[in-house]
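Annotation source Swiss-Prot lists ATP binding site at 169, 170, 171, 172, 173, 174, 175, 176. The annotation site 'Required for activity' is assigned in Swiss-Prot to 362.
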């Protein structure tokens with residue numbers, strides 16, 4: 001068989017013509033050691049800080065230490081399938097999470113991947129987990145209230161939109177309960193909520209999600225869960241991921257509320273990471289930049305100015321203390337970063353005062369700016385009455401014969417403490433809060449036994465809704481106690497008080 005030269009040259013030309021010159025160019029590195037959730041990688045020369053790196057098994061890593069001859073990478077998953085010599089690819093992307101309305105009602109991990117079994121999240125919007133906080137010029141003073149639904153908090157230590165209010169206290173005294181109630185209280189408002197669970201048991205997170213779902217709050221809430229069994233890097237980045245989700249609403253002229261539950265466990269996760277990366281330890285073995293870690297997270301909560309849409313991101317970080325020690329390293333750090341704190345005390349909790357807010361140690365640095373006029377009108381006398389009550393109660397314990405004015409102050413104080421108690425999952429709107437506080441501070445409760453006040457409060461709301469609904473609607477419209485509202489309310493309180501005493505057989 002004779003092969004013609006022309007045919008051969010034609011075949012070669014065809015092959016050259018069909019040849020695709022695409023080059024798959026990847027910058028890769030090699031794993032030189034792996035263990036305890038940290039991989040050391042050689043060769044990724046142009047790697048950026050906080051860049052995502054991809055391991056052969058599809059697991060992602062986060063570049064934290066950029067050293068001369070290697071990169072210290074936190075593995076965001078199990079290290080079981082990673083071994084020395086594995087090829088690692090650069091993604092060229094800084095760690096980011098999906099954001100936007102599609103996240104509402106979902107439970108996700110620290111990278112924004114769904115873990116609730118409800119299918120993938122269809123969101124084209126993403127945001128970097130590390131974003132610089134708005135500058136001074138971009139901000140506006142906090143001036144709108146963000147109601148938590150808890151009478152003790154909204155009256156004494158009010159939270160405004162764009163504020164950072166720390167919730168601090170020992171374990172198991174209602175910190176999470178207070179914050180979950182704050183989420184439920186946003187039900188009929190335009191506030192989107194993000195709940196970040198760090199280092200919690202999965203069963204605890206499931207209970208919170210179930211409570212939110214039961215009260216119709218999951219519709220506007222995103223839960224970011226980095227549980228106790230998740231790797232330390234996931235627990236470290238979860239609050240930043242949740243913050244990015246909240247910032248989407250703030251930057252689009254909307255309002256968001258984020259709960260960090262809790263930052264003590266995030267600090268422990270960051271300490272673990274830092275020590276494994278051989279960073280020098282400082283006080284209590286925390287790294288030197290632990291303060292910066294918390295401040296750059298909490299500074300992202302802000303109220304932005306009108307030119308940027310007047311949106312806000314309000315933060316309620318939680319810190320767990322050991323035996324009430326608020327002078328430990330992490331509590332003092334976060335107290336100094338935030339705009340006030342709500343201090344929950346075990347003694348109050350176990351004596352039946354729930355929420356167990358210690359009014360003396362709790363403070364809001366925004367104060368009256370975050371309250372409507374109606375709340376200011378009742379809260380001013382309330383704080384004074386309670387302060388006098390606490391002072392007199394200490395002395396009254398030693399003597400039995402008290403003069404009439406002292407006895408009156410003690411009577412008033414006992415009733416005010418009682419009406420500040422509130423059951424879990426029952427946050428109150430502003431108009432109901434100011435109504436019962438007004439009744440307490442004007443003496444309408446002084447003649448009632450303490451044990452009957454819970455029933456009095458519940459029946460009072462029903463009575464007003466049935467017989468004087470204009471009191472609530474006027475309070476919402478005016479946001480203040482006008483002479484007309486006071487007159488109507490005083491009349492209703494007197495009438496209801498007589499009816500209540502008659503029904504309960506009280507004198």
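Cβ atoms here come from the backbone N, Cα and C positions, even for glycine.
Structure with Swiss-Prot features highlighted.
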residue	record	DSSP (3 states)
169	ATP binding site	strand
174	ATP binding site	coil
362	site 'Required for activity'	coil
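Of all the binding-site residues listed (169, 174), 169 sits in the most crowded Cβ setting, with the most other Cβ atoms within 10 Å. Cα separation, residue 176 (ATP binding site) to residue 362 (site 'Required for activity'), rounded: 17 Å.
Note: the CA-CA distance between residue 174 (ATP binding site) and residue 362 (site 'Required for activity') rounds to 15 Å.
Looking only at Cα atoms, residue 362 (site 'Required for activity') sits nearest to 169 among the binding-site residues 169, 171, 172, 173, 175. In the shown protein chains, 21 other C-beta atoms lie within 10 A of the C-beta of residue 362 (site 'Required for activity').
Counting other Cβ atoms within 10 Å of each Cβ, the binding-site residues 172, 176 show the lowest value at 172. Within the group of binding-site residues (170, 173, 175), the Cβ with the highest number of other Cβ atoms inside 10 Å belongs to 175.
Around residue 171 (ATP binding site), the same-chain residues at least 6 positions away in sequence with a Cβ under 8 Å from its Cβ are 320. Taking the centroid of the Cβ atoms of 169, 170, 171, 172, 173, 174, 175, 176 as the ATP site, the other same-chain residues with Cβ within 8 Å of it are 320, 344, 349.
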